[in-house]
Amino acid sequence: MENEMLEQNKQEKPVSLLTKALLTGFVGGVLWSMLGALAAYFNFTSVSPASFILRSWLQTGWSDSWLGQLISIFVIGVISVLLAIVYYGLFRKMKSIWPSAIFGVGLWFIVYFLLQPIFPNVPQMAELSMDTVVTTICLFLLYGIFVGYSISYDYLDSVTKKNV
Amino acid sequence: MKNKKNQSPISPKIKINENYMKEKIGVGTSFDVGFRDVTILKKTAHLYYLTGLCDSSIIVELLKKLVEINDNESNLRKVAEIVENRLVHQQVTRVKTMDEAVDQLLSGLIVLFIDGEDEAFVVDVRSYPGRSPQEPDTEKVVRGARDGYTENIIQNTALTRRRVRDERLRHEIVQVGERSKTDICISYIKDIADEGLVKKIKDEINKIDIDGLSMADKTIEEYLVKQGFNPFPLVRYTERPDVSANHLFEGHVLIMVDTSPSMIITPTTYFHHVQHAEEYRQAPVIGTFIRWVRFLGIFASVFLLPFWLLLVLEPSLLPKDLTFIGPNETGNIPIVIQIIMADIGIEFLRMAAIHTPTPLSTAMGLIAAVLIGQIAIDVGLFSAEVILYVAISAIGSFATPSYELSVANKISRILLLIITSIFGVPGFVIGSTLYILLLAMTRSLNTPYLWPFIPFNIKAIVHILIRVSVPMTKNRPSIVHPKNNYKQP
């Protein structure tokens, strides 16, 4: 078949797919935690990226300033790379946008419910204000879609070579 | 529908053909269908034409040649061959059925019947009324080509061909509309465009079964993308041949519809609607700057008003440094009502400006600016800050290059305003999330609408955030699934 010569029919190497997923994970973590920091600045949420990354261990003055937020955002980006690997390993074959949305919301439950005891600076779920809960759930949901949907789209795209 | 049409053949008896023409298309009743009777080598020949769509000087020339046959030829048995030879024009074809002949006649070609022949000659002498290429109003640039598409599909294909002299450029033409018989041209470059997409578009267009396409491209779009209640534009329009040539090179498929100067570019994403030819006419840095300012404007047109409203409703949200934001005195009317009233006022102006003649629109602007703006504040109807923010977001919508996108964003803004005023922070956050979520779920011809943001594609998003210089763009965008990925072979 002459078609195999065409660029569109060349198989993309799985390595590059994984690299893409890692990059998506990092950018996603940085982007949405930046929005989280902005939301915290405008008091939409009482929990900022710094409050569970840094302030659980460091109660110094700078950890609540912009520098603390910046470092936390970067750390979340790195953690997000790990999450992207998990998503790539487990759910990359999911087709629609919904599994990734559930992934995001599930992640929220893990962070705010299961892992809450690790972060002394994050109040218990029942004590969070309505605004905080809604804002953080929405951010996690969008983060989930951003990372999850991108990974599964890239995977399906490389398999089928057309939009699905 | 198309199969049910009975295909009546052309009769060798010219009287039968004449009656058919009288009955079916009303020769003699409709004044724009003309008819001329000549005798060639003792045989009657009938010439039909449509006044207004033909070039008379060519017809006269052809008639002259036909009549001269009587002086120069004598072979009575080969009339058809002689006539065909003497029809001195490059586009002469033979048709076998009356339906074909009538279709061609009504497109502006002339049809010649000869007694004793079961075929008719069709000569393309079309000359459609129309304007010459002009710069399109909605896509002006400071420098660069000033030609734009017109209402004539032949001119439009020519304007494209001028920029793409590739032998692999395909202009496929189909006719749609049982009564209007509108020509639709599907353009793509054969070794770049995705075959699946071309096939899908052709199938969708062939499935259209309708009387006529009086709104041309818009009607085709509605059949193609099945929009439903989604207000966002699912295809991009352009009237600039350079923009469409650029998209052809990238592997997009273009659809042109006769009688419309707007080309449909498919597939389209949200970010196709926030770009403008002007960015590519400036240095990359300037182009990037223009683009970022424009993004800011578009962002403000959606989120600025709801966000400000939120800060007014709940001043406790404001950080220490920004406490000056918000009106100093609460007016007599709730802020959200003021905003919506002012927004609708601007909408009045915008709509009125579309169909107000230019001399009157100056007066209209004066009334709007001085009377309504200033006096509404003095009377105590609006607070000054409302006017400021409504004006910024209105200018933001005007800065959106795609008119369709700006209107869709306006609707989103009003919905966000209402939901924010009712539910406060949760309303604003959930509303904004839904805005992104619904856009991410939208698909135009199977293309994710928010690509390359969601799903994320680093290379493509860099090309959207930064206007990269042309020598640096080596690949075509992956979203069109080009057959051949390299722009610089």
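The backbone N, Cα and C atoms fix where each Cβ goes, and this holds for glycine too.
Listed as Cβ neighbours of the transmembrane segment (B:292-313) (distance under 8 Å, sequence separation of 6 or more from its ends, same chain) are residues 274, 276, 325-327, 335-336, 339, 343, 385, 389-390, 392-397, 399-401, 405-406, 409-410, 412-413, 416-417, 420-421, 424-425, 428, 431-432, 435, 465. What TrEMBL lists as transmembrane segment is B:292-313 (among others).
Here the transmembrane segment (B:333-353) has Cβ contacts under 8 Å with residues 305, 309, 312-313, 327, 361, 364-365, 368, 372, 381-383, 386-387, 389-390, 393-394, 410, 413-414, 417-418, 420-421 of the same chain, all six or more residues outside its ends. Summarising the annotation, TrEMBL assigns transmembrane segment to B:333-353 (among others).
Away from its own ends, the transmembrane segment (B:360-380) comes close to residues 331-332, 345, 349, 352-353, 387 of its chain (Cβ-Cβ under 8 Å, at least six residues beyond either end). Taken from TrEMBL, the feature transmembrane segment covers B:360-380 (among others).
Among the features that TrEMBL reports, transmembrane segment is placed at B:386-403 (among others).
Residues annotated as transmembrane segment in TrEMBL: B:415-437 (among others). Sequence-distant contacts of the transmembrane segment (B:415-437) (same chain, six or more residues past either end, CB-CB distance under 8 Å): 302-303, 305-307, 309-310, 313-314, 317, 334, 336, 339-340, 450, 454.
According to TrEMBL, the transmembrane segment annotation covers B:449-466 (among others).
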Quiz item: Do any residues of this chain, six or more beyond the ends of the transmembrane segment (B:449-466), have a C-beta under 8 angstroms from a C-beta of it, and if so which?
Solution: 232, 234, 269-271, 274-275, 284, 288, 291-292, 436, 439-440, 442-443, 473, 475, 477-479
